[in-house]
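Novice: Just dropping this structure here.
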Amino acid sequence: AVLVESLLVFSTVLSVHAAVWDRFSWCAVALAVQAFYVQFKWDRLLQLGGAVFQFRGAANSGLLPASMVIPLLGVVMKERCRAAGSVYFERFGVVVASTGMLLALFLSVLAVGITKPVPTNTCILTGIAGSVIIYTMKHSLTVSEVIEVLEVLLIFVYLSMILLYLLPRCFTPGEALLVLGGVSFVLNQLIKRSLNVVEGRGDPIDFFLLVAVVGVVLLGLFFTVLFIFMDSGTWISSMFFHMMTAVLGLGVIMPWLYRLIQRNPLFWLLQFLFQTQTRLYLLVYWTFLAASACAVVFYQNAKRSSESKKHQASTITRKYFHFIVVATYVPGLIYDRQLLYVAAVLCLAVFIFLEYVRYFRIKPFGQTLRHLLSLFLDERDSGPLILTHIYLLLGMSLPVWLFPRSCAPKGTLPGAGALVPYSGVLAVGVGDTIASVFGSTMGEIKWPGTKKTFEGTMTAVFAQIIAVALILIFDSSVNLNSSYAWILASVTLVSLLEAYTTQIDNLLLPLYLQIMLM
């Protein structure tokens, strides 16, 4: 299974390399080769329990698929923005690619360093790949860009040491690279933009995303340290939690956002949300869907209490939420992507805040949330945090957030790139859902080395092709320019990756589909 997963990742890397064919795509190939070898060292460390931190069990390290996501995103963003004539974002793509390669190399060196006896061949391979990447960075990056890349690496090292210690069994090494690497990059971008504020420059919704992500992470770190010294389940601690959340929100996050967007954030948000009648209709519709999702949770819990205390939600029941999320995102993508962008940021902040309330058992809702959500746990929620619903939201939202709007003058990219914002809907909302439902109910032929079925994968590919056809009908901005073969190949590759990967597919699949479509 690991070998097939690696083959699928290599196919993606070589596809990007063939399309781009520059020094950075060669570096991506070198990084993929060394990550393939180092991945086995990480897997061995996880099996022997010598991986320094406690990582999520029942999964391989996932180093190769995770290592290639950020570098490939940077490479394809650089190419798209170069073609559009946007020099600033072309350089931004170079920085993203270089940062991703350096973070992946750091994890590789860490694995090689703690493996006993020292794996000589892997050390040589890592050294060669590292030399190629550093030589390329030396001749491609300016001094300020090199400093920026090193800043992200420094933030990543400290965040990893803190969060992997505080949150055992929540991530595999690959998932830690993706999540903590992304948070490190966002934090560095926020610091950089806060120090270089130019009035009128930058889109407020981009600043809103940066501040929201950094704000909820800092909030979590603050309370994690605080509740080491006091019991979080008492009423006094709960009152202190709510009071300090208000203080940090109104006293730190709001002024920070005000400095960046040069206006009152609350007034800006209200004006933005109710700017047009379409937005009002979308907000009412989304409120109805949120109420429906809550109703599913309450109904399933009532069913559990009447049947058995050990009753767990089935795969099909969990996929109800995927259908609800598809129904949420598709109208937003068709009618108002900016509103969807901001609504997804707000939803992410609310999800993470509610997870803090559940994790710290904050009164009055902490214990209730623990009881309600325990019904929907699966083997991937083996740590103290429940992250699968947050990963689902991220998987649907990242293609919207990462879409290079400045490199798409008409609001859409040419050819298959027009489907980039739909990557989450196609890969997770349609493909993963259909594969799980049909595979678990009608699947008989299993893929070698996995629990996934041939029937599930094939129906997922077929369903995504139908979804693309429906997008073409209902979204007039999408024009594929006869790139149907590439779309079919991309969808098939990502569906096969879903069958073979043991990583969080809600997070990984949309990013790989986005890379292929871009």
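Glycine too: its Cβ is placed from the backbone N, Cα and C atoms.
These numbers come from a predicted model, not from an experiment.
Dumping what TrEMBL says about this protein:
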type	residues	note
SIGNAL	1-18	signal peptide
TRANSMEM	57-76	transmembrane segment
TRANSMEM	88-112	transmembrane segment
TRANSMEM	118-137	transmembrane segment
TRANSMEM	149-167	transmembrane segment
TRANSMEM	207-228	transmembrane segment
TRANSMEM	240-258	transmembrane segment
TRANSMEM	278-299	transmembrane segment
TRANSMEM	320-335	transmembrane segment
TRANSMEM	341-361	transmembrane segment
TRANSMEM	422-442	transmembrane segment
TRANSMEM	454-474	transmembrane segment
TRANSMEM	486-513	transmembrane segment
Novice: Six or more residues out from either end of the transmembrane segment (57-76), which same-chain residues have a Cβ under 8 Å from its Cβ atoms?
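Specialist: For the transmembrane segment (57-76), the nonlocal Cβ contacts are 2, 5-6, 9, 12-13, 16, 20, 24-25, 27-28, 31-32, 35-36, 38-39, 42-43, 45-46, 93-101, 103-104, 107-108, 111, 169, 172-175, 177-178, 181-182, 185, 379-380, 382, 402, 497, 501-503, 508, 511-512, 514-515, 518.
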Novice: At a Cβ cut-off of 8 Å, and with pairs 6 or more apart in sequence only, do we get at least 3 pairs between the transmembrane segment (422-442) and the transmembrane segment (118-137), yes or no?
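Specialist: The answer is no, given that the two segments have fewer than 3 Cβ pairs within the 8 Å cut-off.
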Novice: Need a quick answer: max count of Cβ pairs under 8 Å to the transmembrane segment (341-361), which of 88-112, 118-137, 207-228, 240-258, 278-299 is it?
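Specialist: Out of the listed stretches, 207-228 contacts the transmembrane segment (341-361) most.
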Novice: With the transmembrane segment (118-137) as the reference, which stretch in 88-112, 207-228, 320-335, 454-474 has the largest tally of C-beta pairs below 8 Å?
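Specialist: Per the Cβ count, the answer is 88-112.
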Novice: Are there residues at least six beyond either end of the transmembrane segment (240-258) with Cβ under 8 Å to its Cβ atoms? List them, or say none.
Specialist: 194, 207-208, 211, 215, 218-219, 222-223, 232, 264-266, 353, 360, 362
Novice: Using a Cβ cut-off of under 8 Å, list the residues of the same chain at least 6 residues beyond the transmembrane segment (454-474) that approach it.
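Specialist: For the transmembrane segment (454-474), the nonlocal Cβ contacts are 334, 419, 422, 425-427, 430-432, 434-436, 438-440, 442-447, 480, 487-488, 491-492, 495-496, 498-499.
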Novice: Counting only residues 6 or more past its boundaries, what in the same chain has a CB within less than 8 Å of a CB in the transmembrane segment (320-335)?
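Specialist: Those are 278, 282, 285-286, 289, 292-293, 296, 343, 389, 392-393, 396, 400, 421-422, 424-425, 428-430, 432-433, 474-475, in sequence order.
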